[in-house]
Each structure stands twice: as C-alpha cells, then as structure tokens.
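Quick look at what TrEMBL lists:
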COMPBIAS  483-492  compositional bias 'Basic and acidic residues'
DOMAIN    112-147  domain 'EF-hand'
DOMAIN    157-192  domain 'EF-hand'
DOMAIN    206-256  domain 'Phorbol-ester/DAG-type'
DOMAIN    271-321  domain 'Phorbol-ester/DAG-type'
DOMAIN    375-458  domain 'DAGKc'
REGION    459-492  region 'Disordered'
Amino acid sequence: MSTPTHPEVKELNPVDFIQLQHYIEYCRLKVKDVLREFDADGRLASHRHGECIDEEGFRLFLKTYLEVEDFPVDLCQRLFLSFQNSEPGKEDAKEVFLKDVSCYFSLLEDGQPRDKLEFAFKLYDRDGNGVLDSSEVDRIIAQMMHAADYLGWDVSELRPVLKDMMTAIDADSSGTVSLDEWVEGGMNNVPLLVLLGLKMTQQDGQHLWRMKHFNKPVYCNVCQSMLLGLRKQGLCCTCCKYTVHGRCANRNPAPCTRTYVKSKKETGVPAHDWVSGNCDSRKCEKCQKKIKSLQGLTGKHCVWCHSMRHDECADQEPTECSCGALRDHILPPWAIYPVIKERPNIVKNGCSGSVDDSELNTTPDGQVLQISPVENTHPLLVFVNPKSGGKQGERVLHKFQYLLNPRQVNNLITDGPGPGLSFFKTLQNYRILVCGGDGTVGWILDAIDKANLVVRPPRRCASSGDRKRPRPLSAVGGRVRRRGSDPDPEGH
C-alpha cells in the first residue's frame, strides 16, 4: 500500500487502523468469501477490470465484507487512495489492484501482532529509507495521541509517556528506529499494542487488558503508587482486575490467574487465587473487620469466590476456595487439565470436520484441555454475540469473563459455537446460556443438534429486561439455575 497524497483526502492514521480492527472483529465473512463475488459469475464482477477493481467496487467490497451500510465515506476514500500506485489524476488511478486489497484485509483478519507491526512501520516510514527518524517518531507520537483521545484515554499526561516509550524502542540509541527495533520493542510494549488496536494471542497467565477510568483512589499493582490524572485511568485486566499504569504494564507484572492446572494430579484441589489491592472500605471475609485504606495496595480479593481479606488474613485457614455464590456455575481451574492425545474433530458453524489448534481449548505447547467435573455443580457454557443489543453484548462478554472461568465464555463472532461445544461435549451436567438475539439462539440450537452431544443440556437465553429496568447478571444466573433444573419437554 502506498501513502496517499491526494490534497482533499487526509492520510490513513492510527485511528483509521483501530476503527478497521473494530469493524473486522465483528465480521462473519472471510476475505476469500467476498473475493468470489468478483469472479466472472459473481454479483460484483462488473466492477472488476482484469486484476483491478474500481472505486465503486471497492466500496461494495467493504460493504459486503464488513456487513455495514453506513461505513464512513471519508474513511472509504482514504483506504481506496492508499491502495493506489499511480499519481492522482492519471487514468489508472481510478482503480486499485484486487490482490493488494485482499492481502491487506487478510492481514487485519488473521495476521499476528508482529505482521501488523511490520505493516504499521511501513505506514509511518514516509520516505521509505527503512528507519524511522526523529520527525517520523514525533509524527507517530502525535498520531498515537490522537488515537488515545479516540479511545477515551486521558491524554493530559500521555505525551511524555509515549516519548519515553519510543525512546526505549530505540535499543541502540542511534536516534532512529529500525524495523527490527520497532517489531521487537513493540511486541513487548502493551500500551503501544493497545493504541495500535492490536491484540496479542491470549495464553494462560496473560492479562486481558482494557483501559478503565476510576472514580475513586486506585493503586497500581506493580509500582504500588496511585493512578493520577484528571480522570484516574489505567489498564485493568478483565479476568482478575489486576490494575496498572500504562507505563507499568511492561514491567513484568504478576501473571493473570490460572485457568487450568498443569496435570491431572492437581485436579480436585480447590485453592484461592488472590490478587492484591483496591479492597478498601470492604469487610474482611475472615475476621469480619473493615479493610482500611493505608494509602496503598489494601487487602486481597479472590478471583473465583470474590471474597476479600486483609493481607494477614489471606494466608489463614480455610485456604480452600468455595467459588462463592456462583459455585454451581463456575468451572474452576482445578477442574481442567491438559492431556496429550489425538486432536478431535469438532463442530464449527454447524459443520463437522478437523480443525486447527486455534479452534480448540489448548495449552501454549499444544496440549488439549479436558474437564474433570466438580461434583454437584452444573457449570455454564456461555455463548455471547458481542454485536447484539447495540453491541452491548461486548460488555456482557467481559462481565462473564470476570464472573466465570474465561474458558467457559465463548465469543461467537471470533470463535463460533464449535470450540465451546467440543470442550463440554463429554460432560453430563452442565447448562448452556446464550446471550444474543433470535438469530444467535437459532444458530446455537442448530449447532447443538449437529454436535452429537452425550446429553442435551438445558439451555436458556439471557433476557436482560428492558432498557429502563435492566437485570443484573447475577439475577440471570439465578434464573438459569432455577429453570435449568426443570427444562421443558422439548429441551428449550
């Protein structure tokens, strides 16, 4: 992709990149599916001229691929111009190569952070000399400030942090940043990846960071100092609520809570997973006394039972975790263990067939995870469509990732129903909760019918009430527990 020079249309910038990532996150189609529409018998064939497509064809490509009617016109124009290899005004500048378009969106669709960092480097290296000089670095900082503002960050104190960040990436202190320095530095720089809209592959022990604003004093779990600024903000892990300054996310923070144990021998041994801090003004579950603020990290909370204790009370008996009020719904880490065996065939999007590792619950070294169920529990298998409810489904997804084991919670847009159904397939007692509209429910019911499950578990659609009287998720869980024990004769 070349950098556009059209005087009436601005260049692509990190905000555009982030917006595209957000659109693509909710795509159901793949690039290869849309490319078929440009074949001789496809409905978009008239917009293809040899190896190129015209501007209207490009607009229809975006409309079809992203499944949106109101894609921003100015962003569409900037994207189209960015693919042009000719000078504006020339005849062939009215078309772009379809191969370039497909390669770019395939990168956004399936590319790893390293690939995307390489693309971003080429976008910022305006003179094409293979390094980022001081003026290009300053331009990156300015654009990242713009991106941070778009993401809702408090930018009042961000510029010096970004400048220090970019200085650290220049490993040899040469005053310029090479491609290798950019990629290696970027891969280990969480705020940079967040600002570029890149997502790292989630592994056990890796935090699932989100930017969060706080309306009360909060302390960083790494440096233990208070989060400051006009609006207190930091990176907060969706799963364990570990909270850090943006600059501290790169300073080897403690790992996120485990989601499985390392061997079958460790199953059935319940234990608290404590996270320090930010428990002030709460009551200690052990001594029943108030946890007082000491102007620093105060107390500990358990990721699974959500009980809170003083630091000195956390090591006292009982050390076994009960999983609290949601015990019946939670699949704790001591109920999941890795096994080395032949990869099973699973159902994806309602169709059976062999799949790659990304479609299975696996360990970082590729072992398949298996469930050893906890007695007298009925763990929830949750399917969430983030696009449902005006995209409020994304908030529901994050909430369930906190309340339950993240391995119980499936993003239907990115994963489909197959991996979740395969993971729970051998269980006798569990329930399925679907968070989405009628189309989502129908999709899951169809996948269940085709999955050849050992048992047909009770299913329930999460109804959150109307907009004026929304129900808390804890109430939804209670309804699943009560009604799940007495499903109707048809299994609905």
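Every residue, even glycine, has its Cβ placed from backbone N, Cα and C.
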Q: Just give the helix, strand and coil counts over the domain 'DAGKc' (375-458), going by DSSP.
A: 42 helix, 13 strand, 29 coil
Q | For the domain 'Phorbol-ester/DAG-type' (271-321), residues assigned helix / strand / coil by DSSP | A | 0 helix, 10 strand, 41 coil
Q: Tally the residues of the domain 'EF-hand' (157-192) by DSSP class, grouping H, G and I as helix, E and B as strand, and everything else as coil.
A: 25 helix, 2 strand, 9 coil
